[in-house]
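What TrEMBL lists as repeat 'WD' is 14-55, 56-97, 98-139, 140-181, 182-223, 224-265, 266-300.
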Amino acid sequence: MMKVSHNWQKDRILTAHSSPVVTVAFSPDGRQLASGSVDTTVQLWDVATGKEGKILVGHEDFVNAVVFLPDGDAVATASLDGTIKLWDVATGEEQKSWLAHPKPIEAIAISPDSRTLASVSWDKTVKLWNLATGEATRTLTGHSKPIVAVAIAPDGETVASGSWDCSVKLWNADTGQLRQTAIAHSRAVETVAFSPDGETLASGDLDGRAILWNVATGEKLHEWTEHADSISEVAFSPDGEVLATASTDGTIKLWAIASGKSIATLRGHSSYVLAVAFSPDGTILATGSQDKSVILWGVD
């Protein structure tokens with residue numbers, strides 16, 4: 001597991017996409033990486049070698065989200081075309097596809113037990129789906145503007161959503177009941193993520209502000225405002241000690257959760273950084289960018 005004091009260096013640059021990379025995700029075993037792009041494809045990569053694996057082709061618009069299922073055998077993807085697709089990782093073949101929203105989907109999340117997928121859309125709804133059947137189980141309403149971020153807590157009991165209405169909402173995953181609304185952002189919320197223990201939530205906004213919340217109370221624990229532009233995505237390290245923030249200012253910043261202090265600022269992309277993810281063991285950081293590349297960063 002990574003230590004807070006480690007230095008991060010650029011290990012490898014992955015180039016296969018013909019348009020910006022907007023989402024990245026590691027497989028549960030850390031051996032594969034998936035990247036989704038404006039070019040409508042998802043590229044699978046071998047993390048150890050950097051070699052291209054299967055390419056998933058089928059969406060008709062930007063692929064905004066990609067998530068591996070917990071068993072690692074399949075990935076779920078979502079697109080501006082309003083569809084959610086499930087793909088076989090080994091063969092690259094599409095297993096299932098359904099029209100989930102009448103408007104573009106911005107983000108998806110999968111519960112730890114693989115039973116539920118949450119999706120959010122410009123249609124201002126959070127939808128919960130039975131992943132086995134592709135049927136909607138709940139539609140959560142309450143945001144007044146498009147919803148662009150979603151996360152499911154590690155225990156599967158809470159869904160978090162972030163919206164252009166500047167709020168973060170927490171929902172009961174079983175009943176669909178709104179648990180609380182957190183309002184501290186003054187601009188559109190772009191990203192949300194739960195800590196590995198589920199006790200805190202991080203959110204990032206269009207102003208470049210990242211906020212850490214207590215999930216139980218809704219209390220704001222910390223705020224970072226060092227980015228010069230919008231925060232595209234936030235991600236916790238697997239040990240919960242570090243928060244990574246990716247920004248359209250072209251940098252990725254790493255923060256110590258306990259102290260709130262800056263650990264590092266990573267520069268390597270030539271344009272906006274749109275996606276960030278930690279490997280399951282915390283030793284690799286993957287970032288995706290407007291410059292069409294994925295960079296793998298390693299701990300020295």
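Even glycines carry a Cβ here, placed using N, Cα and C.
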Paired segments the repeat 'WD' (266-300) and the repeat 'WD' (140-181) in contact, 3+ CB pairs under 8 A: no
Intrachain neighbours beyond the repeat 'WD' (98-139), with Cβ under 8 angstroms and 6 or more residues off its ends: 61-62, 64-65, 67, 69-71, 76-84, 86, 145-152, 154-156, 159, 161, 163, 171, 173, 176
Secondary structure content of the repeat 'WD' (140-181), with strand meaning DSSP E or B: 0 helix, 24 strand, 18 coil
For the repeat 'WD' (98-139), residues assigned helix / strand / coil by DSSP: 0 helix, 25 strand, 17 coil
Predicted model, mean pLDDT over the repeat 'WD' (98-139): 97
Per-state residue totals over the repeat 'WD' (56-97) - DSSP helix, strand, coil: 0 helix, 24 strand, 18 coil
